[in-house]
Amino acid sequence: MSKRTAFVMGASQGIGKAIALKLADQHFSLVINSRNLDNIESVKEDILAKHPEASVIVLAGDMSDQHTRAGIFQKIESQCGRLDVLINNIPGGAPDTFDNCNIEDMTATFTQKTVAYIDAIKRASSLMKQNEFGRIINIVGNLWKEPGANMFTNSMMNAALINASKNISIQLAPHNITVNCLNPGFIATDRYHQFVENVMKKNSISKQKAEEQIASGIPMKRVGSAEETAALAAFLASEEASYITGQQISADGGSMKSI
């Protein structure tokens, strides 16, 4: 059997980088993406330093842009000839509320993440069908089920992604292609550290107090690591996860209270 090929978006930092490193440990051929060429080249160097024999292709570009997306998938097909795993990992839009949201920003967020994920799945699945195998993992978030008052648009778009993913999973299941959503909670990434700063400013408290306040709302009393999230993604990308599809799985230390 040929080595599996995985395409990881947003792989220059945080969860995306951790997933790329984890899949490299498991001997996947990798296509890694980020908007910043220098940053993603640095990740390639990290992978090759640990796995000199690894196959790593860098394709820089903004995956929220339709034309960039089309070009990158064309390159994956021409340079790899196959695609087995897709990690959809694009950040959402800026915080907003129902009172201050506007149509322009809502439309931009919908295009930036929701439409981009669905289009990427459409393009990736056409390649996966050639080998009757595929693993599609959408990085979403718990806001889809427990909306945040200050994340009005993102909460709504995440719910749309969960719904679309469930629908798509039914269509692709006969082709042995699974589609699942991975929903991180508070994970120690740059985005989390920005959130800590916002809590500090809002409450006029120290960084330590802000982090303690956040951790107090998590049953495990700590934030997660990108590596813990990557371990779950790697399992969903594996042969062992062959009967898991159409699911929404949280890596959040028990934060989500709904069932």
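Each residue, glycine too, has its Cβ placed from N, Cα and C.
The C-beta environment of S12 (NADP(+) binding site), restricted to residues of the same chain at least 6 apart in sequence and closer than 8 Å, consists of I32, S34, N36, N39, I40, S42, V43. Classification of S12 (NADP(+) binding site) by DSSP places it in coil, neither helical nor stranded. Here Swiss-Prot flags 12-15, 34-36, 62-63, I90, K113, 185-191 as NADP(+) binding site.
Summarising the environment of F186 (NADP(+) binding site), the number of other Cβ atoms within 10 Å of its Cβ, over all protein chains shown, is 21. The most crowded of the binding-site residues listed here (I15, I90) is I15, judged by how many other CB atoms sit within 10 Å of its own CB. In the structure shown, across all protein chains, T189 is the one of the binding-site residues N36, T189 with the greatest number of other Cβ atoms within 10 Å.
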